[in-house]
Amino acid sequence: MANITRMANHTGKLDFILMGLFRRSKHPALLSVVIFVVFLKALSGNAVLILLIHCDAHLHSPMYFFISQLSLMDMAYISVTVPKMLLDQVMGVNKVSAPECGMQMFLYLTLAGSEFFLLATMAYDRYVAICHPLRYPVLMNHRVCLFLASGCWFLGSVDGFMLTPITMSFPFCRSWEIHHFFCEVPAVTILSCSDTSLYETLMYLCCVLMLLIPVTIISSSYLLILLTVHRMNSAEGRKKAFATCSSHLTVVILFYGAAVYTYMLPSSYHTPEKDMMVSVFYTILTPVLNPLIYSLRNKDVMGALKKMLTVRFVL
């Protein structure tokens with residue numbers, strides 16, 4: 001925060017201007033309503049999934065514990081950007097202070113990084129369940145699950161603690177207009193009037209590392225799962241194994257694909273319009289899709305939901 005204060009004193013200004021989504025829309029009011037509905041669906045969908053996992057004894061397993069953690073991250077993730085964006089649209093304000101911008105940046109970096117590692121942990125959990133079913137209760141006991149989940153949150157926060165202070169310490173004298181709907185690192189860095197090429201290279205390496213470790217774990221886990229499934233004699237066993245993995249792979253492809261575009265492709269591929277559309281996808285749409293993917297394609301979750309609705313209807 002001291003760096004942010006010095007920056008503000010140096011430039012004589014304190015507020016950034018978020019150009020946002022609504023300025024480019026022909027129907028900003030309609031877009032606001034759509035985003036608000038998506039936001040409510042994301043919160044309610046993930047909250048219901050967490051409630052089902054907590055209340056139904058059949059869902060008290062490591063796989064569903066990690067799904068509940070993913071739902072918690074998604075609820076926090078969409079809440080970092082959407083409420084402020086909608087409130088600013090209603091109030092007719094598009095400014096964000098430097099400390100507020102830094103906090104938003106830290107939170108979304110932490111949550112995105114945590115989700116990267118959580119998706120890798122979920123792949124490892126599927127590997128142990130399918131390849132070592134007899135040892136699964138020991139290898140993935142409750143203490144191990146808590147340790148792995150805590151590790152995901154910690155490693156995600158490392159990304160936030162590394163990139164946020166450096167990004168916010170640059171002098172911003174070129175422009176204060178952020179061509180984005182929230183304080184994303186590339187959109188803020190481009191405003192600096194100092195040479196950021198070294199920082200951008202280091203940020204690229206950091207993001208490669210943040211993606212490479214989870215992708216390696218996911219790829220290795222699913223390679224071993226495929227080999228194990230190939231050896232199965234039971235067609236029903238193969239079907240069940242693929243069913244439990246397909247939902248997770250869908251989420252991995254959606255989330256990692258957007259992250260690769262944002263942080264690993266050269267700047268020549270980027271435009272403010274493309275960047276915002278990709279960010280809308282992984283910050284707003286992904287949190288609403290995840291609970292649908294994990295519930296509609298999962299018999300246990302759908303069974304728990306039907307049971308809960310039946311009990312409520314009877315009462």
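Start at 1 and count along the chain as shown; that gives each residue its number.
Using N, Cα and C of the backbone, Cβ positions are placed for all residues, glycine too.
Relative to the membrane, Swiss-Prot puts Met19 on the same side as Pro272. Remark: of the disulfide-bonded residues Cys101, Cys193, the most isolated position is Cys193 (fewest other Cβ atoms within 10 Å of its Cβ). Listed by sequence, the residues of this chain that lie at least six past the ends of the topological domain 'Cytoplasmic' (54-61) yet keep a Cβ under 8 A from its Cβ atoms are 68, 300-301, 303-304, 307-308. Looking just at the topological domain 'Extracellular' (1-29), the mean pLDDT is 65. Long-range contacts of the topological domain 'Cytoplasmic' (125-143) within its own chain (CB-CB distance under 8 A, at least 6 residues past either end) are made by residues 62-63, 66, 220-222, 224-225, 228-229, 241, 244-245, 248.
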